[in-house]
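Have a look at the structure below before the remarks.
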C-alpha cells in the first residue's frame with residue numbers, strides 16, 4: 001500500500017524515493033534502525049550514515065514503505081463519521097447539535113437533542129480534531145522524507161505555502177459554488193487546515209535548525225565542564241549506540257554529515273535538546289488551546305438573560321475586534337462565513353507534531369508506541385473529567401437551562417454542578433471554538449481509536465490472504481463462518497484505507513453528493529417541522545425526520561464515494577511526487 005499525501009494525511013513521506021525502506025521500519029513508523037553498530041569512530045559513523053541513506057533511497061524505488069496503518073485507518077474512520085454528520089445537515093434529520101442550537105461559545109441550552117441525534121453528534125465531534133491532529137503528524141513525515149531527498153529549507157517551505165494556497169483557493173471556490181456567488185469566503189475547515197499546516201510546517205523547519213544547534217551547545221558546555229579527558233570517556237560510551245546520537249530533527253542540509261569539528265554527536269546533548277523541544281511543543285499545545293478561553297467574549301461563561309429577562313441567544317458572540325473574531329471565533333457576515341477559526345484549532349495540529357516526534361524516536365518500538373498512546377488517551381480522559389468536576393476549561397459555564405438542572409424559570413438560581421445533572425450535560429462539548437474540555441475528550445477518543453487500529457493484524461489488510469482456518473476450527477463447523485467474518489473485516493479495512501488515502505478528494509466530492517441528494521430528497525419527501533426555522537435562510541424547516549432515511553442516505557453516499565476514491569487513488573498514483581493532484 002502506497003501512503004498518500006493529503007491534507008488529512010500522515011503519509012507525506014511515503015510516496016516515493018527518500019522514505020524509509022524495509023530496513024528502516026523497525027517501529028513501523030519509518031524510523032531508521034540500521035546504524036546500531038558499536039565501536040565506530042566518528043568518520044566511520046558518518047560514512048555509515050551516508051551509505052545507509054543511499055541504500056534506503058535505492059530500496060524505496062523498488063518496494064513500498066513498511067509502516068503503521070493505524071493513522072490511515074483512523075482517517076478513513078473519521079471520513080465515515082464526517083459523512084454521517086453532513087447527512088444530518090443535508091436532510092435535517094434532527095438538530096445539527098447536541099442540544100437545540102449549534103455548540104457555540106456561551107450559547108444557552110434549553111433542551112437536548114433526541115438520543116440518536118445526541119449520540120451521533122457526540123461521535124462526529126471526533127472528526128475535525130482528528131483531521132488537524134493527523135495533519136500535524138503529516139508535516140513531520142513530509143519534512144523528514146524530503147530532507148532525506150536533499151530538499152533545502154526553501155524548497156520545503158515553498159511546498160508548505162503551495163499546499164496552504166491550494167486549500168485557500170478551494171475555500172473560495174466552494175463558497176462561490178455552494179453560495180451561488182453570494183458567499184466569497186466559506187471556511188468550513190479547509191482554510192483552517194491549510195493555514196495550520198503551514199504554521200506547523202514552519203515550526204518543524206524551525207526545530208530542524210534549533211534542535212541540533214541546542215544539542216551542539218549542550219555538548220560544548222559539557223566539554224568545558226568535564227574537561228577533555230572526561231569528554232573522551234563520554235564519546236567512547238556514546239559510540240555504543242549510534243542511534244541515540246542523532247537528533248530527531250536533523251538539519252536539512254547536513255542531516256547525514258555530523259560536524260567533524262565536534263568529533264561526534266554527544267548523546268546527552270542530543271537527548272537534552274530533544275526533550276527540551278518536546279516540552280516547548282507541549283507548552284505551545286497548552287497555550288494554543290487555552291487562548292480560546294482567554295479570548296472568549298464572555299470569559300467562558302454564559303450571559304444568560306437580556307434586560308427583559310429573556311434568554312440571550314446571540315448566535316455569534318463578538319469581541320469587538322474583527323481580526324480576533326475571524327482568527328479565534330466563528331465569524332459570519334453577508335459575504336464571509338468562517339466556522340473553523342484557524343488559530344482556534346491550531347492546538348490540535350501542534351499536538352500531532354509532538355506525537356509524530358515521539359513515535360519517530362529511535363527508541364519507539366511498536367509496543368511502546370501503543371502503550372504510550374493509550375496512556376496519553378487516559379491522561380486526556382482524566383483532564384476531561386476534571387474540567388467537569390472543577391469547572392475549568394469550559395466555554396459553557398452557567399449555560400444549561402434544561403429540565404435536568406431543575407430550573408422551572410429562566411434565571412432561577414441553580415444549585416450544584418450543572419455538568420453532573422445528566423449524561424447529556426456531562427458530555428456536552430463546545431466546538432466553536434473548541435474549549436479545553438472539547439480538546440481533551442476528542443483527542444482522548446481519537447488516540448484510543450488509533451491504538452486499537454494500530455493493533456490490527458496485517459494479515460487482515462488488503463492484498464494479503466485471509467488468515468488460515470485451523471483444523472480444530474474446521475472440525476467444529478465454524479470454518480465457513482470464520483472465513484466470512486475475516487473477509488468482512490478485510491472489506492471494512494479496505495473501505496477505511498481507500499477513504500483514508502484519498503481524504504481531501506473524499507471531503508470535497510462527498511459534500512456535493514450528500515447535499516445534492518439531500519436537496520432532492522427533502523423536496524420530494526420532506527415535511528415542514530412546526531416551530532422550526534432553517535438557520536440559513538430563516539424559512540420554515542423542511543426535514544426528513546426518519547432514522548431509516550438517515551442511514552439510507554449515509555449508505556448511499558458511501559456506496560457512491562467508494563469507487564470514486566478508488567479511481568482517484570489510481571489516477572494520482574500516475575502523477576509525479578510533487579504534483580498538485582497528490583495533495584488530494
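Cβ coordinates come from backbone N, Cα and C, glycine included.
What TrEMBL records for 1-34 is region 'Disordered'.
The annotation transmembrane segment is assigned in TrEMBL to 123-143 (among others).
Using a Cβ-Cβ cut-off under 8 Å and counting only residues 6 or more beyond its ends in the same chain, the transmembrane segment (155-177) has close neighbours at 7, 139, 142-143, 146-147, 183-188, 190-191, 193-195, 197-198, 201-202, 205, 252, 337, 508, 511, 578, 580, 583. Summarising the annotation, TrEMBL assigns transmembrane segment to 155-177 (among others).
Below 8 angstroms of C-beta separation, residues 7-8, 128, 131-132, 135-136, 138-140, 142-143, 153, 156-157, 160-161, 163-168, 170-172, 174-176, 249, 252, 277, 281, 284, 335-342, 344-346, 348-350, 352-353, 507 of the same chain, each at least six residues beyond the ends of the transmembrane segment (183-207), sit close to that stretch. The transmembrane segment feature in TrEMBL is assigned to 183-207 (among others).
If you look up TrEMBL, you'll see 276-294 (among others) marked as transmembrane segment. When Cβ-Cβ distances below 8 Å are used as the criterion, the transmembrane segment (276-294) is approached by residues 105, 203, 207, 210-211, 214, 249, 300, 328, 343-344, 346-347, 350-351, 353-354, 357-358, 393, 395, 433-436, 439 of the same chain, each at least six residues removed from its ends.
TrEMBL lists 336-360 (among others) with the feature transmembrane segment.
Within the chain carrying the transmembrane segment (372-391), a Cβ under 8 angstroms from the stretch's Cβ atoms is held by residues 355, 358, 364, 397, 417, 419-420, 426, 435-437, 440-441, 443-445, 447-448, 450-451, 454, all 6 or more beyond its ends. Taken from TrEMBL, the feature transmembrane segment applies to 372-391 (among others).
Taken from TrEMBL, the feature transmembrane segment applies to 436-456 (among others).
Per TrEMBL, the feature transmembrane segment maps to 492-521 (among others).
Per TrEMBL, the feature transmembrane segment maps to 541-565 (among others). When Cβ-Cβ distances below 8 Å are used as the criterion, the transmembrane segment (541-565) is approached by residues 80, 83-84, 87-88, 90-94, 116, 495, 498-499, 501-502, 505-506, 509-510, 513-514, 517-518, 521-523, 525-529, 532-534 of the same chain, each at least six residues removed from its ends.
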